[in-house]
Every structure is written in C-alpha cells, then in structure tokens.
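What TrEMBL says about this one:
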type	residues	note
TRANSMEM	12-35	transmembrane segment
TRANSMEM	47-67	transmembrane segment
TRANSMEM	79-97	transmembrane segment
TRANSMEM	156-176	transmembrane segment
TRANSMEM	204-222	transmembrane segment
TRANSMEM	258-278	transmembrane segment
TRANSMEM	310-331	transmembrane segment
TRANSMEM	343-363	transmembrane segment
TRANSMEM	383-405	transmembrane segment
TRANSMEM	417-438	transmembrane segment
TRANSMEM	450-471	transmembrane segment
Amino acid sequence: FNQPSPLRKIISVSSIAAGVQFGWALQLSLLTPYVQLLGIPHKWSSLIWLCGPVSGMIVQPIVGFHSDRCTSRFGRRRPFIAAGAAMVAVAVFLIGYAADIGYKMGDKLEETPRVRAIGIFALGFWILDVANNTLQGPCRAFLADLAAGDAKRTRVANAFFSFFMAVGNVLGYAAGSFTNLHKMFPFAMTNACDLYCANLKSCFFLSITLLLLVTVTSLWYVKDKQWSPPPVAADEEKKSVPFFGEIFGAFKVMERPMWMLLIVTALNWIAWFPFLLFDTDWMGREVYGGDSEGDARLKQIYNKGVQSGALGLMFNSIVLGFMSLGVEWIGKKVGGAKRLWGIVNFILAIGLAMTVLVTKLAADYRKVAGPYAGPSPGIRAGALSLFAVLGIPLAITFSIPFALASIFSSSSGAGQGLSLGVLNLAIVIPQMIVSLGGGPFDALFGGGNLPAFIVGAIAAAISGVLAITVLPSPPPDAPALKTGAMGFH
C-alpha cells in the first residue's frame, strides 16, 4: 500500500466516475422538466435543486473527514463507496416510481399538482444527491491512496477519472435524448407514468445497472488499506471534528489572491447555474414552443424539446472531454491560466446572450409555420451548436479554479483541503442563490428562462473582466496545472 498501485487498479476505481456521472447527467437533463410534469410550477421547480449545493456543502466534507479516519477492516474508502452506491439504488427507485407510489397513495391522475408524487420525488432526489456526494469524495481520495504520493501516477489517476466522467456524461445525455428507451422495459409505462415518465424511469434503470456493475467490480478487485489511528492526547481528541470551524476561520486570514479567486468563481457559477438548471427546459419551452402544463400536443412538443436538449448536452460533454485534455497547452499559448479563464468567460457570456436570439428566431418561425411546428432544422442546429460551444468554457470551469486554489494555498502555506473547502463555498452558495431566486426572478418578467440567462451572461462578462484584470497570476515556480473535470455539486 505504500507503493503506487498498478494502472489497471487505478482505471478500475476511476470507472466508478462513469456510473456517478451518468446519474448527474440524467438529473441535469431530465428532472427539471419532470417536476413540472408532476405539477410544480416553473418558478418553483428550481427549489428542488437546492439539495445539490446543500449536500455538496455539508455531505462531501463530512464524508471526506470520516473516510480519512475510518477503521473498518474493509478499508477507509470502500465502506463509504459501497454505502453511496446502495443509497443511489434506493433513490433511483423512489424517483422513478414517484408517480406510481403517489397514485397508490391517493393522487388523482387528472389533477395537478400531484402532491404525494412530488413528496416521494423530492425525498428520492435529496437521497440521490447525498448518495452521489458520498460516492464522489471517497472515490477521489481512494485514487490518491492508490497513487501513494507519486506525482505522475496522481496525474494519470486524475486524467482517467476525468475521462470516465466524460463517458458517464455522454451515456447519460444520450440515454436522455433517446425517445424509445422505455421499450426496453415494457413494465415502465403504467397508468400513472406516461411516455416521458417511462423513459425517465428506464434511464435510471440503466444508470443504476452501470453504477452497481462498476462499483462492485472495483471494490472486489481493488483492496483498500485498513487505517489504524495514531495515539492522540485527550485535549486533541476534543478537536477531532474541526472541518467547518477551520473553513470559516480561514476567511479571517485569507490573502488577496484567494479572495479574488473566490469572487471570480462565485460570479462564474452565478453565470453557469441557471443554464445548467434550465437548459433542457429552455429547449422544450422556448425553442420548441411546448408547454409542460399545456394540452397533449404541447406536452408532446415539450418532451421532444427536452430530449433534443439532452442531445445537446451530450455534444457539450464531448467537447468538454476533448477540451479538458488541452487546457494546459492552450493556457500556455494564450498567456496563462487566468487569461484563458477570462477568455472563456466571455465565450460563456456570448453563448448565454445568444439564447435570446435563438428564442426570438424560434418564436418568429412558429408565427409563420404554426404553434405546433417546433423549430426549423436551422434553428435546432443553432441551439445544439450553442450547447456544444459551451463545452469549451465548462472544461475550464471544471479545472482552472481548483488548480489555482491549490497553487495559491501552496504559496501561502495553507492546506490543500482547507483551500478547496473554501473554494467549494464559492461554488455552492451561488447555486443556492440561483435555486432560491431563479424561478421567482423569471416569473417577474413573464416566466420562461431568458431573464436568468441574461443575468448569467452579465455575471460571466464581469467574471471574465475580473479574471484578466484583478486575479493574480500564479507564482513563476508554481506547479503545472493539472486538468480534470470536477463535479459542481
């Protein structure tokens, strides 16, 4: 255990990321439309997404802290990874069968909202986010254990983890865009679960099958070191859970480079999160002209738009995967990490602003072709191209902020875990703000998704300016940036 593990074991553990990310991809592409089909109004659907940032802020640090100190005979990491996979299975069952369970408990199919189904769905959604956060942190820590401090093997492990995240994204978005997936599981469609619901249920069946397959295989094949705690004094034992106290105490002594990084990161996520929440809903509602609360034909059009949005997210993930491989090389060509981050934030701002143009063109086309026409092939291609192009800034968002946090903390003598914990607050707090305010803010301007997208475009532009002008450059002797996508949960 004190030597770097063989590459095949690192690849095996890294493959768990594909199963985890498959589930995240399904959440991002399908669940916002699903909650609206259950009867939650658009302006309140974003509240469901509060569980992501809340669990990311609380669960990951706690699980990481205790997995470092777990004394199980099965090892430090494997018990948490196994528990997370089991929780995912429970959550997927609750989400997929929410409409059916609600119907059995007394929901009426002709009435909305379906209160009982929404309650079951929300419970499953929160469990799913907690489970995914329980899985992801120990997986990354397990890879670090397997690398045993070897820098090259650590970079290889991160590269494979990122690769399998991209694989999971592509599989998840591809499954979400396939309209006849329910035919693989004929029992998925019931009186309470229509075509869209059956497809969602089928996607989650595939997700849990993949996750359990890679998790069981990896945990059986790769052994984990049993940890024995070193002896500590009685007064040190009382300080055994200092994580959150250290994070908030770090703000008092934080130096200017980290403050600037937190500000740029927070603005960056104010820009990203509205799109990540409502991208497929935007395709179904604004681009295709459907309505999750309309008549049967409008609902059908809306579902087509959501599935088209899932296809766009698959293109986004493909671009993200290729871009992630070239972050370090491109950064050198454009003059450094902070300049690259600034440039791609302007790309993000332009992309979010372009949603207004695509929406207007789609609305004008429907005025001529009819309200049920959907978008023209050119408009659809333009919207899908927008998804693909946004994979470029997303790759930078998933890599450079974390690398800069490590560099700044190293140069100031702060701990890596502490600095990344503080950076995580700059990610999840904006997500919570958007989750709480995004839907009601859109409603103030007549509903739809464009108001939040415009705010995101403005935040992205400001973030780009600050990244180039006030964000300090890394020290000349800083270690090379390590690329690799990281979850935003």
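A Cβ is built for glycine as well, from the same backbone N, Cα and C atoms used for every other residue.
Because the structure is a prediction, the values reported are computed rather than measured.
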Highest-contact recorded stretch vs the transmembrane segment (310-331), from 156-176, 258-278, 343-363, CB pairs under 8 Å: 156-176
Considering the transmembrane segment (204-222), which listed stretch of 47-67, 79-97, 156-176, 450-471 counts the most C-beta pairs under 8 Å: 79-97
Leading stretch by Cβ pairs under 8 Å, where the reference is the transmembrane segment (258-278) and the options are 343-363, 383-405, 450-471: 450-471
